[in-house]
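Engineer: So TrEMBL lists these for the protein:
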type    : residues             : note
BINDING : His34, Arg74, Tyr138 : substrate binding site
DOMAIN  : 26-140               : domain 'Transthyretin/hydroxyisourate hydrolase'
Amino acid sequence: MSSRTAPRLMTLQRHLGWPQAGNMATESSPLTTHVLDTASGLPAQGLCLRLSRLEAPCQQWMELRTSYTNLDGRCPGLLTPSQIKPGTYKLFFDTERYWKERGQESFYPYVEVVFTITKETQKFHVPLLLSPWSYTTYRGS
C-alpha cells in the first residue's frame, strides 16, 4: 500500500466504524457530525462549527457550543445526553475560513444544517460532504 493510500484507507475504515480504526468515544454523544473534504478525499480537519438550538418563546437561536473538527473530521461530544431535548437545532460550518486556510477559493461562505430532534433518546449523526463548490448532507446513522 502506498503512503498516499494508507491515510485514505484509515479514514474510510474509521468512517465505517471499524473499532480497530479509531476512537469510538463519540458514541456517548447523542449528536455527532463528520465532515469529509471531497476535493482531497480526506477528513476536513480544523473546520470551525457552531451548534445552536431554537429557543421559545422568542424563536431565537441560542448557541450551545463552538468547536473544531478533529484529525478525523469529527467533532465528538457536541451534546451530552443530559443536554439533548426535543427541538430545532442548527449546525453552522465556517467553510469560508476552512478553504481560505488551504489557499482555496470557494463558493459557499458557510453551510447551515437545520434539523429537528423529536426523541431525545435517539442518536443523531449529521455528516457533511464538502468541496469548494458544493456540499451534501444527510441524516446518518
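Just so you know, glycine gets a Cβ as well, placed from its N, Cα and C.
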Engineer: By DSSP assignment, list the helix, strand and coil residue numbers for the domain 'Transthyretin/hydroxyisourate hydrolase' (26-140), in that order.
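Structural biologist: The breakdown for the domain 'Transthyretin/hydroxyisourate hydrolase' (26-140) reads 10 helix, 54 strand, 51 coil.
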Engineer: Using all protein chains shown, find which of the binding-site residues His34, Arg74 scores highest when you count other CB atoms within 10 A of its CB.
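Structural biologist: Result of the Cβ crowding comparison: Arg74.
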Engineer: Greatest CA-CA distance (Å) over the residues His34, Arg74, Tyr138 that the record ties to substrate?
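Structural biologist: Spelled out: the longest distance between any two Cα atoms in His34, Arg74, Tyr138 is 15 Å.
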Engineer: Please report the number of other Cβ atoms within 10 Å of the Cβ of Tyr138 (substrate binding site).
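Structural biologist: Neighbour count, Cβ to Cβ under the 10 Å cut-off: 11.
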